[in-house]
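Database features (TrEMBL):
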| type | residues | note |
| --- | --- | --- |
| DOMAIN | A:3-150 | domain 'UBC core' |
| ACT_SITE | A:Cys88 | active site, glycyl thioester intermediate |
| DOMAIN | A:154-193 | domain 'UBA' |
Amino acid sequence: MAVDLGRIQKELKEIERDTASGVTVHLKNNSLQHLTGYVPGPKDTPYEGGLFAVEINLDNGYPFVPPKMRFINKVWHPNVSSQSGAICLDILKDQWSPALTLKTALLSLQALLSSPQPDDPQDAVVAKQYISDHETYKKTAKYWTEAFANPNATAPEEKIAKIVEMGFDRAAAISALQEAGGDENAALEKLLG
Amino acid sequence: MASTEPAAEPPVAGSEAPDRPSDEAILQQQNQIRAEQAKVSEYVGQEENLGALKAEYENGNQNFVQKIGKLEERYRTFRRTRGDGNCFFRGFIYAYLEGLLQNSDLAEANRFMSVVQSWKAKLVEGGFQELVFEDAMELLLEQVKEVTKASDQFAQEKLLVNMRDDMVSNMIVMFLRLVTSCEVQRREDFFFPFILGMYDEPPATVELFCQRHVEPMGEESDHLHIVAVTEALQIPVRVVYLDSSGLPAGGGGGGAGALEASCHDFVPDSCPPGTAPRVHLLYRPGHYDILYAKSG
(Lines of atoms letter the chains of each structure in order from A and count residues from 1; the text may use other names and numbers.)
(Lines give C-alpha, C1' and ligand atoms only; values in the text may rest on other atoms or scores of the structure.)
Protein backbone atom coordinates (compact mmCIF):
# COMPACT_ATOMS: atom_id res chain seq x y z
CA MET A 1 0.00 0.00 0.00
CA ALA A 2 1.35 3.38 -0.96
CA VAL A 3 1.63 5.81 1.89
CA ASP A 4 -0.67 8.85 1.77
CA LEU A 5 2.03 11.49 1.36
CA GLY A 6 -0.54 14.19 0.64
CA ARG A 7 -2.08 13.73 4.04
CA ILE A 8 1.32 13.84 5.79
CA GLN A 9 2.26 17.03 3.95
CA LYS A 10 -1.03 18.64 4.94
CA GLU A 11 -0.48 17.66 8.54
CA LEU A 12 3.04 19.10 8.58
CA LYS A 13 1.85 22.40 7.14
CA GLU A 14 -0.91 22.60 9.69
CA ILE A 15 1.48 21.95 12.59
CA GLU A 16 3.80 24.65 11.27
CA ARG A 17 0.93 27.12 11.07
CA ASP A 18 -0.43 26.32 14.52
CA THR A 19 2.40 27.68 16.67
CA ALA A 20 0.10 27.90 19.70
CA SER A 21 0.06 24.12 20.23
CA GLY A 22 3.74 24.13 21.26
CA VAL A 23 4.53 20.84 19.54
CA THR A 24 6.64 20.76 16.38
CA VAL A 25 7.55 18.15 13.79
CA HIS A 26 10.66 18.15 11.60
CA LEU A 27 11.77 16.00 8.69
CA LYS A 28 14.60 13.60 9.20
CA ASN A 29 16.75 12.98 6.10
CA ASN A 30 14.08 14.59 3.90
CA SER A 31 11.74 11.63 4.25
CA LEU A 32 8.08 12.18 4.99
CA GLN A 33 7.90 8.82 6.74
CA HIS A 34 10.71 9.42 9.23
CA LEU A 35 10.14 12.46 11.39
CA THR A 36 11.17 13.94 14.69
CA GLY A 37 8.57 15.53 16.94
CA TYR A 38 9.21 17.86 19.87
CA VAL A 39 6.97 18.06 22.91
CA PRO A 40 7.55 20.70 25.62
CA GLY A 41 7.28 19.29 29.15
CA PRO A 42 3.99 20.37 30.73
CA LYS A 43 3.94 23.05 33.46
CA ASP A 44 3.75 22.05 37.13
CA THR A 45 5.12 18.58 36.45
CA PRO A 46 8.62 17.15 36.94
CA TYR A 47 8.93 17.43 33.14
CA GLU A 48 8.53 21.22 33.06
CA GLY A 49 11.35 22.97 31.22
CA GLY A 50 12.26 19.88 29.21
CA LEU A 51 11.91 19.56 25.47
CA PHE A 52 11.18 15.94 24.61
CA ALA A 53 12.23 14.59 21.23
CA VAL A 54 10.02 11.87 19.74
CA GLU A 55 11.05 9.56 16.92
CA ILE A 56 8.14 9.19 14.50
CA ASN A 57 8.00 6.47 11.85
CA LEU A 58 5.05 6.23 9.53
CA ASP A 59 4.20 2.86 8.00
CA ASN A 60 2.81 2.62 4.50
CA GLY A 61 -0.65 2.11 5.97
CA TYR A 62 -0.68 5.52 7.72
CA PRO A 63 -3.20 7.04 8.55
CA PHE A 64 -5.08 3.74 8.79
CA VAL A 65 -2.44 2.38 11.15
CA PRO A 66 -1.01 4.43 14.04
CA PRO A 67 2.27 6.33 13.75
CA LYS A 68 5.14 4.60 15.54
CA MET A 69 6.41 6.90 18.24
CA ARG A 70 9.07 6.59 20.93
CA PHE A 71 10.94 9.07 23.05
CA ILE A 72 14.50 9.74 21.93
CA ASN A 73 15.48 11.40 25.22
CA LYS A 74 15.53 9.25 28.30
CA VAL A 75 12.30 9.82 30.26
CA TRP A 76 11.43 8.70 33.81
CA HIS A 77 7.72 8.01 33.55
CA PRO A 78 5.52 4.98 34.40
CA ASN A 79 4.22 4.71 30.84
CA VAL A 80 7.56 5.14 29.09
CA SER A 81 10.31 2.55 29.01
CA SER A 82 13.32 4.02 30.82
CA GLN A 83 15.48 1.80 28.60
CA SER A 84 14.07 2.21 25.11
CA GLY A 85 11.71 5.19 25.20
CA ALA A 86 8.81 2.92 24.14
CA ILE A 87 5.48 4.48 25.01
CA CYS A 88 2.36 2.85 26.40
CA LEU A 89 -0.57 4.88 25.12
CA ASP A 90 -3.87 3.49 23.79
CA ILE A 91 -4.14 5.85 20.82
CA LEU A 92 -0.76 4.61 19.56
CA LYS A 93 -2.23 1.11 19.49
CA ASP A 94 -5.78 -0.17 19.13
CA GLN A 95 -7.42 3.16 19.91
CA TRP A 96 -5.75 4.94 16.99
CA SER A 97 -8.14 6.28 14.39
CA PRO A 98 -7.46 8.11 11.15
CA ALA A 99 -9.40 11.04 12.62
CA LEU A 100 -6.32 11.66 14.78
CA THR A 101 -3.18 13.35 13.50
CA LEU A 102 0.50 13.59 14.38
CA LYS A 103 -0.30 16.81 16.23
CA THR A 104 -3.06 15.25 18.32
CA ALA A 105 -0.80 12.26 19.03
CA LEU A 106 2.03 14.52 20.24
CA LEU A 107 -0.43 16.51 22.36
CA SER A 108 -1.61 13.21 23.83
CA LEU A 109 2.00 12.42 24.74
CA GLN A 110 2.16 15.79 26.48
CA ALA A 111 -1.06 14.93 28.34
CA LEU A 112 0.45 11.56 29.28
CA LEU A 113 3.44 13.38 30.80
CA SER A 114 0.95 15.39 32.89
CA SER A 115 -1.12 12.40 33.97
CA PRO A 116 0.82 9.16 34.31
CA GLN A 117 -1.24 5.95 34.40
CA PRO A 118 0.71 3.73 36.81
CA ASP A 119 -1.96 1.01 36.64
CA ASP A 120 -1.13 0.40 33.00
CA PRO A 121 2.65 0.68 33.08
CA GLN A 122 5.26 0.39 30.37
CA ASP A 123 8.06 0.50 32.94
CA ALA A 124 7.20 -1.55 36.02
CA VAL A 125 10.07 -0.13 38.09
CA VAL A 126 9.03 3.47 37.54
CA ALA A 127 5.38 2.62 38.10
CA LYS A 128 6.18 0.93 41.41
CA GLN A 129 8.18 3.95 42.53
CA TYR A 130 5.41 6.30 41.38
CA ILE A 131 2.94 4.50 43.65
CA SER A 132 5.08 3.60 46.68
CA ASP A 133 7.62 6.44 46.83
CA HIS A 134 6.13 9.36 44.98
CA GLU A 135 8.67 11.94 46.22
CA THR A 136 11.61 9.93 44.86
CA TYR A 137 9.74 9.44 41.60
CA LYS A 138 9.28 13.22 41.26
CA LYS A 139 12.93 13.91 42.04
CA THR A 140 14.16 11.27 39.60
CA ALA A 141 11.83 12.44 36.83
CA LYS A 142 12.97 16.04 37.37
CA TYR A 143 16.62 15.03 37.37
CA TRP A 144 16.21 13.03 34.14
CA THR A 145 14.41 15.95 32.54
CA GLU A 146 17.28 18.29 33.38
CA ALA A 147 19.92 15.77 32.37
CA PHE A 148 18.42 14.34 29.18
CA ALA A 149 15.71 16.68 27.88
CA ASN A 150 17.28 20.05 28.57
CA PRO A 151 17.03 22.14 25.44
CA ASN A 152 19.94 24.22 26.64
CA ALA A 153 22.33 21.28 27.06
CA THR A 154 22.90 20.91 23.36
CA ALA A 155 21.29 24.20 22.43
CA PRO A 156 22.63 26.85 24.77
CA GLU A 157 20.99 30.25 24.62
CA GLU A 158 23.88 32.04 22.84
CA LYS A 159 23.93 29.46 20.02
CA ILE A 160 20.14 29.67 19.63
CA ALA A 161 20.33 33.47 19.55
CA LYS A 162 22.95 33.43 16.79
CA ILE A 163 20.84 31.18 14.59
CA VAL A 164 17.66 33.14 15.29
CA GLU A 165 19.52 36.32 14.30
CA MET A 166 20.10 34.75 10.90
CA GLY A 167 16.36 34.67 10.42
CA PHE A 168 15.40 31.18 11.61
CA ASP A 169 12.51 30.23 13.81
CA ARG A 170 13.48 29.69 17.44
CA ALA A 171 11.97 26.20 17.72
CA ALA A 172 13.64 25.17 14.46
CA ALA A 173 16.97 26.50 15.75
CA ILE A 174 16.66 24.49 18.96
CA SER A 175 15.76 21.27 17.21
CA ALA A 176 18.48 21.69 14.58
CA LEU A 177 21.04 22.23 17.34
CA GLN A 178 19.79 19.20 19.22
CA GLU A 179 19.93 17.03 16.15
CA ALA A 180 23.45 18.28 15.45
CA GLY A 181 24.50 17.51 19.02
CA GLY A 182 25.16 21.16 19.75
CA ASP A 183 27.35 21.78 16.69
CA GLU A 184 26.33 25.24 15.53
CA ASN A 185 27.69 24.90 11.97
CA ALA A 186 26.14 21.49 11.42
CA ALA A 187 22.83 22.87 12.72
CA LEU A 188 23.01 25.75 10.26
CA GLU A 189 23.75 23.38 7.43
CA LYS A 190 20.65 21.36 8.36
CA LEU A 191 18.52 24.49 8.40
CA LEU A 192 19.87 25.70 5.09
CA GLY A 193 19.07 22.24 3.74
CA MET B 1 -15.50 -14.26 14.57
CA ALA B 2 -13.70 -12.00 12.19
CA SER B 3 -11.53 -9.80 14.29
CA THR B 4 -8.44 -7.75 13.71
CA GLU B 5 -7.48 -7.89 17.35
CA PRO B 6 -5.18 -10.65 18.47
CA ALA B 7 -7.02 -12.81 20.97
CA ALA B 8 -3.99 -13.20 23.16
CA GLU B 9 -0.95 -11.01 23.21
CA PRO B 10 2.36 -12.75 22.74
CA PRO B 11 4.85 -12.71 25.56
CA VAL B 12 7.75 -10.39 24.98
CA ALA B 13 11.30 -10.74 26.23
CA GLY B 14 12.71 -7.83 28.15
CA SER B 15 13.39 -6.38 31.53
CA GLU B 16 10.27 -4.26 31.81
CA ALA B 17 6.69 -5.06 32.71
CA PRO B 18 6.69 -8.61 31.38
CA ASP B 19 2.99 -8.83 30.51
CA ARG B 20 3.14 -5.82 28.22
CA PRO B 21 4.26 -6.43 24.65
CA SER B 22 5.82 -3.43 22.96
CA ASP B 23 3.85 -1.28 20.55
CA GLU B 24 6.06 -2.68 17.83
CA ALA B 25 5.21 -6.25 18.72
CA ILE B 26 1.47 -5.53 18.77
CA LEU B 27 1.56 -3.68 15.47
CA GLN B 28 3.67 -6.38 13.93
CA GLN B 29 1.17 -9.02 14.94
CA GLN B 30 -1.73 -6.95 13.65
CA ASN B 31 0.03 -6.45 10.34
CA GLN B 32 0.72 -10.15 10.15
CA ILE B 33 -2.94 -10.98 10.74
CA ARG B 34 -3.97 -8.45 8.10
CA ALA B 35 -1.49 -9.89 5.60
CA GLU B 36 -2.81 -13.39 6.24
CA GLN B 37 -6.39 -12.26 5.73
CA ALA B 38 -5.41 -10.44 2.55
CA LYS B 39 -4.01 -13.68 1.19
CA VAL B 40 -7.24 -15.52 1.92
CA SER B 41 -9.76 -12.95 0.72
CA GLU B 42 -10.03 -9.69 -1.14
CA TYR B 43 -11.71 -6.70 0.51
CA VAL B 44 -14.65 -7.47 -1.77
CA GLY B 45 -14.96 -10.92 -3.35
CA GLN B 46 -16.74 -12.26 -6.44
CA GLU B 47 -20.45 -12.89 -6.68
CA GLU B 48 -21.17 -16.49 -5.66
CA ASN B 49 -24.20 -18.76 -5.67
CA LEU B 50 -25.90 -19.29 -2.33
CA GLY B 51 -25.04 -22.94 -2.77
CA ALA B 52 -21.44 -22.05 -1.92
CA LEU B 53 -22.68 -20.62 1.37
CA LYS B 54 -24.80 -23.68 2.08
CA ALA B 55 -21.85 -25.95 1.40
CA GLU B 56 -20.01 -24.37 4.35
CA TYR B 57 -22.64 -25.80 6.72
CA GLU B 58 -23.51 -29.07 5.00
CA ASN B 59 -21.61 -31.07 7.61
CA GLY B 60 -22.37 -28.67 10.44
CA ASN B 61 -25.41 -27.04 11.96
CA GLN B 62 -28.45 -27.99 9.91
CA ASN B 63 -30.35 -24.90 11.07
CA PHE B 64 -28.04 -22.87 8.82
CA VAL B 65 -28.68 -25.20 5.89
CA GLN B 66 -32.44 -24.89 6.31
CA LYS B 67 -32.33 -21.14 6.60
CA ILE B 68 -30.09 -20.72 3.56
CA GLY B 69 -32.46 -22.98 1.62
CA LYS B 70 -35.25 -20.60 2.51
CA LEU B 71 -33.11 -17.59 1.59
CA GLU B 72 -32.64 -18.99 -1.89
CA GLU B 73 -36.30 -18.23 -2.56
CA ARG B 74 -35.63 -14.52 -2.32
CA TYR B 75 -31.92 -14.17 -3.02
CA ARG B 76 -29.92 -15.07 -6.06
CA THR B 77 -26.29 -14.69 -5.04
CA PHE B 78 -23.99 -13.26 -2.41
CA ARG B 79 -20.61 -11.59 -2.31
CA ARG B 80 -18.12 -12.03 0.48
CA THR B 81 -16.25 -9.18 2.13
CA ARG B 82 -13.00 -9.45 4.06
CA GLY B 83 -13.44 -10.10 7.77
CA ASP B 84 -11.27 -7.24 8.91
CA GLY B 85 -13.80 -5.46 11.11
CA ASN B 86 -14.67 -3.05 8.29
CA CYS B 87 -16.92 -5.53 6.50
CA PHE B 88 -20.17 -3.71 7.26
CA PHE B 89 -19.01 -0.33 5.93
CA ARG B 90 -17.21 -1.84 2.97
CA GLY B 91 -20.06 -4.17 2.02
CA PHE B 92 -22.62 -1.41 2.49
CA ILE B 93 -20.91 1.13 0.24
CA TYR B 94 -19.91 -1.44 -2.38
CA ALA B 95 -23.46 -2.75 -2.67
CA TYR B 96 -24.82 0.79 -2.81
CA LEU B 97 -22.43 1.95 -5.54
CA GLU B 98 -23.01 -1.25 -7.50
CA GLY B 99 -26.76 -0.63 -7.29
CA LEU B 100 -26.33 2.90 -8.65
CA LEU B 101 -24.27 1.49 -11.48
CA GLN B 102 -26.65 -1.31 -12.42
CA ASN B 103 -29.76 0.85 -12.25
CA SER B 104 -28.11 3.90 -13.88
CA ASP B 105 -29.94 5.83 -11.18
CA LEU B 106 -28.82 9.39 -11.86
CA ALA B 107 -31.37 11.04 -9.59
CA GLU B 108 -30.32 8.92 -6.63
CA ALA B 109 -26.63 9.50 -7.44
CA ASN B 110 -27.17 13.26 -7.40
CA ARG B 111 -29.11 13.08 -4.16
CA PHE B 112 -26.33 11.00 -2.59
CA MET B 113 -23.59 13.37 -3.78
CA SER B 114 -25.31 16.39 -2.32
CA VAL B 115 -25.83 14.56 1.00
CA VAL B 116 -22.14 13.59 1.06
CA GLN B 117 -21.15 17.19 0.35
CA SER B 118 -23.43 18.42 3.11
CA TRP B 119 -21.37 16.38 5.58
CA LYS B 120 -18.31 18.53 4.99
CA ALA B 121 -19.68 21.40 7.08
CA LYS B 122 -21.17 19.04 9.67
CA LEU B 123 -17.86 17.21 10.14
CA VAL B 124 -15.96 20.48 10.58
CA GLU B 125 -18.61 21.64 13.04
CA GLY B 126 -18.22 18.31 14.83
CA GLY B 127 -14.53 19.00 15.39
CA PHE B 128 -13.04 16.86 12.62
CA GLN B 129 -10.14 18.45 10.78
CA GLU B 130 -10.70 19.01 7.10
CA LEU B 131 -7.27 17.65 6.22
CA VAL B 132 -8.35 14.35 7.74
CA PHE B 133 -11.39 13.73 5.53
CA GLU B 134 -11.30 16.01 2.46
CA ASP B 135 -9.39 13.59 0.20
CA ALA B 136 -11.54 10.67 1.31
CA MET B 137 -14.70 12.62 0.55
CA GLU B 138 -13.41 13.47 -2.92
CA LEU B 139 -12.59 9.81 -3.54
CA LEU B 140 -16.11 8.75 -2.63
CA LEU B 141 -17.65 11.43 -4.86
CA GLU B 142 -15.37 10.31 -7.69
CA GLN B 143 -16.61 6.74 -7.33
CA VAL B 144 -20.20 7.93 -7.60
CA LYS B 145 -19.42 9.97 -10.73
CA GLU B 146 -17.61 6.98 -12.16
CA VAL B 147 -20.48 4.52 -11.67
CA THR B 148 -23.05 6.88 -13.19
CA LYS B 149 -21.03 7.30 -16.40
CA ALA B 150 -21.62 3.82 -17.76
CA SER B 151 -23.23 0.63 -16.54
CA ASP B 152 -21.32 -1.89 -18.63
CA GLN B 153 -19.16 -4.80 -17.57
CA PHE B 154 -16.07 -2.62 -17.68
CA ALA B 155 -17.53 -0.10 -15.23
CA GLN B 156 -18.47 -2.97 -12.92
CA GLU B 157 -14.92 -4.36 -13.06
CA LYS B 158 -13.51 -0.94 -12.38
CA LEU B 159 -15.63 -0.51 -9.27
CA LEU B 160 -14.41 -3.87 -8.03
CA VAL B 161 -10.78 -2.95 -8.70
CA ASN B 162 -11.18 0.37 -6.88
CA MET B 163 -12.89 -1.14 -3.88
CA ARG B 164 -10.12 -3.72 -3.66
CA ASP B 165 -7.48 -1.00 -3.67
CA ASP B 166 -6.03 -0.43 -0.18
CA MET B 167 -6.03 3.32 -0.42
CA VAL B 168 -9.36 3.97 -2.17
CA SER B 169 -11.26 1.33 -0.23
CA ASN B 170 -9.92 2.28 3.19
CA MET B 171 -10.30 6.01 2.60
CA ILE B 172 -13.98 5.50 1.82
CA VAL B 173 -14.47 3.25 4.86
CA MET B 174 -12.76 5.90 6.99
CA PHE B 175 -15.03 8.63 5.62
CA LEU B 176 -18.12 6.54 6.43
CA ARG B 177 -16.80 5.95 9.94
CA LEU B 178 -16.32 9.68 10.52
CA VAL B 179 -19.78 10.48 9.18
CA THR B 180 -21.24 7.77 11.43
CA SER B 181 -19.38 9.12 14.44
CA CYS B 182 -20.50 12.65 13.68
CA GLU B 183 -24.13 11.58 13.25
CA VAL B 184 -24.07 9.72 16.57
CA GLN B 185 -22.60 12.75 18.35
CA ARG B 186 -25.01 15.18 16.70
CA ARG B 187 -27.93 13.13 17.98
CA GLU B 188 -26.53 12.32 21.38
CA ASP B 189 -29.94 12.17 23.09
CA PHE B 190 -31.18 9.56 20.64
CA PHE B 191 -28.05 7.39 20.68
CA PHE B 192 -27.07 7.60 24.35
CA PRO B 193 -29.54 4.87 25.48
CA PHE B 194 -27.83 2.46 23.03
CA ILE B 195 -24.53 2.70 24.85
CA LEU B 196 -25.83 3.23 28.37
CA GLY B 197 -23.94 1.04 30.80
CA MET B 198 -21.46 -0.26 28.23
CA TYR B 199 -18.62 0.56 30.56
CA ASP B 200 -18.28 2.22 33.94
CA GLU B 201 -14.74 3.43 34.02
CA PRO B 202 -14.61 5.98 32.55
CA PRO B 203 -18.41 6.35 32.30
CA ALA B 204 -19.86 5.79 28.84
CA THR B 205 -20.47 8.86 26.74
CA VAL B 206 -21.32 8.93 23.06
CA GLU B 207 -18.09 10.81 22.39
CA LEU B 208 -15.99 8.14 24.06
CA PHE B 209 -17.98 5.39 22.35
CA CYS B 210 -17.31 6.98 18.97
CA GLN B 211 -13.61 7.40 19.69
CA ARG B 212 -13.32 3.76 20.73
CA HIS B 213 -15.81 1.88 18.59
CA VAL B 214 -16.71 3.95 15.55
CA GLU B 215 -13.69 5.96 14.39
CA PRO B 216 -10.88 3.38 14.66
CA MET B 217 -10.53 1.21 11.55
CA GLY B 218 -11.36 -2.43 12.15
CA GLU B 219 -13.84 -1.82 14.98
CA GLU B 220 -16.82 -4.01 14.24
CA SER B 221 -20.19 -2.49 13.47
CA ASP B 222 -23.32 -3.02 15.44
CA HIS B 223 -26.96 -2.00 15.30
CA LEU B 224 -26.00 1.52 16.36
CA HIS B 225 -23.51 2.03 13.52
CA ILE B 226 -26.07 0.86 10.98
CA VAL B 227 -28.84 3.09 12.33
CA ALA B 228 -26.48 6.07 12.27
CA VAL B 229 -24.98 5.65 8.82
CA THR B 230 -28.26 4.76 7.08
CA GLU B 231 -29.80 7.84 8.67
CA ALA B 232 -26.81 10.08 7.89
CA LEU B 233 -26.78 9.15 4.20
CA GLN B 234 -30.49 8.32 3.93
CA ILE B 235 -29.96 4.90 2.42
CA PRO B 236 -32.40 2.15 3.45
CA VAL B 237 -30.70 -1.16 4.25
CA ARG B 238 -31.98 -4.66 4.95
CA VAL B 239 -29.89 -6.97 7.12
CA VAL B 240 -30.66 -10.69 7.05
CA TYR B 241 -29.54 -12.33 10.28
CA LEU B 242 -28.31 -15.85 9.76
CA ASP B 243 -27.47 -17.73 12.94
CA SER B 244 -27.83 -21.20 14.41
CA SER B 245 -30.92 -20.47 16.50
CA GLY B 246 -33.60 -23.09 16.12
CA LEU B 247 -36.73 -21.01 16.56
CA PRO B 248 -38.81 -20.29 13.47
CA ALA B 249 -38.65 -16.61 12.55
CA GLY B 250 -41.58 -14.76 14.04
CA GLY B 251 -44.03 -12.88 11.87
CA GLY B 252 -43.02 -14.66 8.70
CA GLY B 253 -45.93 -17.06 8.78
CA GLY B 254 -44.61 -18.93 5.75
CA GLY B 255 -44.07 -22.67 5.78
CA ALA B 256 -45.24 -23.99 9.14
CA GLY B 257 -42.24 -24.63 11.36
CA ALA B 258 -39.69 -23.95 8.62
CA LEU B 259 -36.64 -22.16 9.89
CA GLU B 260 -36.10 -18.78 8.35
CA ALA B 261 -33.39 -16.18 8.85
CA SER B 262 -34.89 -13.08 10.41
CA CYS B 263 -34.35 -9.73 8.81
CA HIS B 264 -34.35 -6.19 9.95
CA ASP B 265 -34.94 -3.14 7.80
CA PHE B 266 -33.11 0.05 8.59
CA VAL B 267 -35.31 2.72 7.05
CA PRO B 268 -34.16 6.31 7.50
CA ASP B 269 -36.70 8.75 8.95
CA SER B 270 -36.84 10.67 5.68
CA CYS B 271 -38.01 7.62 3.71
CA PRO B 272 -41.64 6.52 3.87
CA PRO B 273 -42.12 3.29 5.86
CA GLY B 274 -41.83 0.27 3.61
CA THR B 275 -39.34 1.91 1.25
CA ALA B 276 -37.51 -0.86 -0.57
CA PRO B 277 -33.97 -1.37 0.72
CA ARG B 278 -31.17 -0.29 -1.61
CA VAL B 279 -28.65 -2.57 0.06
CA HIS B 280 -29.10 -6.13 1.33
CA LEU B 281 -26.54 -7.52 3.73
CA LEU B 282 -26.16 -10.98 5.19
CA TYR B 283 -25.12 -11.02 8.83
CA ARG B 284 -23.55 -14.01 10.42
CA PRO B 285 -22.37 -13.44 13.99
CA GLY B 286 -19.36 -11.12 13.66
CA HIS B 287 -19.50 -10.64 9.90
CA TYR B 288 -21.42 -8.99 7.06
CA ASP B 289 -21.50 -10.06 3.40
CA ILE B 290 -23.53 -8.66 0.50
CA LEU B 291 -26.75 -10.31 -0.72
CA TYR B 292 -28.37 -9.96 -4.14
CA ALA B 293 -32.15 -10.16 -4.28
CA LYS B 294 -33.90 -11.95 -7.11
CA SER B 295 -35.39 -9.42 -9.46
CA GLY B 296 -39.14 -9.01 -9.69
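Each Cβ is built from the backbone N, Cα and C atoms, and glycine gets one as well.
Quantities reported herein were computed from a predicted structural model and do not represent experimental measurements.
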Using a 10 Å cut-off, grab the number of neighbouring Cβ atoms around the Cβ of A:Cys88 (active site, glycyl thioester intermediate), all chains included.
23
I'd like the per-state residue tally for the domain 'UBC core' (A:3-150) from DSSP, helix first, then strand, then coil.
56 helix, 30 strand, 62 coil
Mind looking up the mean pLDDT for the domain 'UBC core' (A:3-150) in the predicted model?
93
Using DSSP, how many residues of the domain 'UBA' (A:154-193) fall into helix, strand and coil, respectively?
29 helix, 0 strand, 11 coil
